[in-house]
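Data first, discussion second: the structure below is written as structure tokens.
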Ligand code: NAD
């Protein structure tokens, strides 16, 4: 059988650091395992257009492995040509780059390594909140330039203590963010999610549920986005919703770029309506060189905490999701049932409630 993996190129870094498992060079550590079982393993980073390895090999692959960090976009059109495909495995968390409705229709299973990088992302969210609120990036840039003007930084630096923080989505990552914020003595922790937290969990972090999104954002100094991308969240944070944000609020999005309207967020940051925007996810990846989120700043020349998509791909996370992919393949190849929390689409139906209410 053919197993196709679309991963990102790791170059010299991957040659020098074998723990960069999610790269084309290190192949999630699966080559020997798959070949010893007599399977063909094709690994490439070439994913765009009809001549890409992705489109060439998808026609007869039985298993497709992809990663959100360098997404191979499996569209409904490509599903029509993928006659042999039975299983899509996401090395990581977040399978929005796969057309999940088409997977349901074609009875192709979609699995993720649920939980594999949720702590990695939650840590990144807390870091991003802090670097925006404390105006860290311009302060560091000033030091690199050789300057020293404390007031230029301090005029837009605050404490996290006493602020209201809200998460859109309180699943594995959102909840871990709330847990990690508890010691900062925020004024209030809020969440918006159609699935309420279990009572005991909400009590542990003293989080209050807000059932209306506009109400949530209008109460928050800091908003963090931690829900999957699906039809109900694409463009959720747009010009109209941004109007309900407090002036000078901060927005952190490590969920998916397309949940935020690119131009509306950039305009809000530029005008100062948002004092900061940070995250690691982009509406197209790799992000084009001229993507407006790379350079937009608030009127005081700060407030941009954007980085490439890496919060969930620390070396610790890579080990967990590489092991998780192998576990999923083991189950598939030996006919064992999969761990339920990993199954996004089972045969012919959604098995998760996280990708939209239905
Ligand atoms: P999860 O399934 O545990 O939780 C998602 C939560 O979002 C669920 O509670 C669900 O009910 C909620 N939700 C869904 N639609 C919503 C909506 N319209 N409004 C409010 N809440 C909604 O998933 P998770 O492990 O917490 O991951 C969440 C997302 O984070 C992933 O789907 C992925 O897109 C992203 N992620 C990013 C990285 C990264 O490296 N940047 C890594 C892992 C995951």
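Note: Cβ is positioned from N, Cα and C throughout, glycine not excepted.
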Fill in the blank from the handout: According to TrEMBL, 172, 173, 193, 228, 229, 230, 231, 232, 254, 309, 310, 311, 312 bind NAD(+), and the residue from 147, 280, 290, 330 that belongs to that same site is 280
Practice task
In three-state terms from DSSP, label residue 172 (NAD(+) binding site) for me.
Solution key: helix
Completion exercise
Cβ-Cβ distance under 8 Å, sequence separation of 6 or more, same chain as residue 93 (substrate binding site); the residues meeting this, in order, are 68, 112, 113, 114, 115, 116, 117, 118, 172, 312
Exercise for the section: Out of 229, 231, 309, 311, point to the one nearest residue 256 (site 'Important for catalytic activity') in space (Cα versus Cα); all of them are binding-site residues in the record. Expected result: 229
Handout entry: recorded positions listed as 172, 256, 309, least Cβ neighbours within 10 Å
Key = 172
Exercise for the section: Would you mind giving the whole-number mean pLDDT across the domain 'D-isomer specific 2-hydroxyacid dehydrogenase catalytic' (32-337)? Expected result: 98
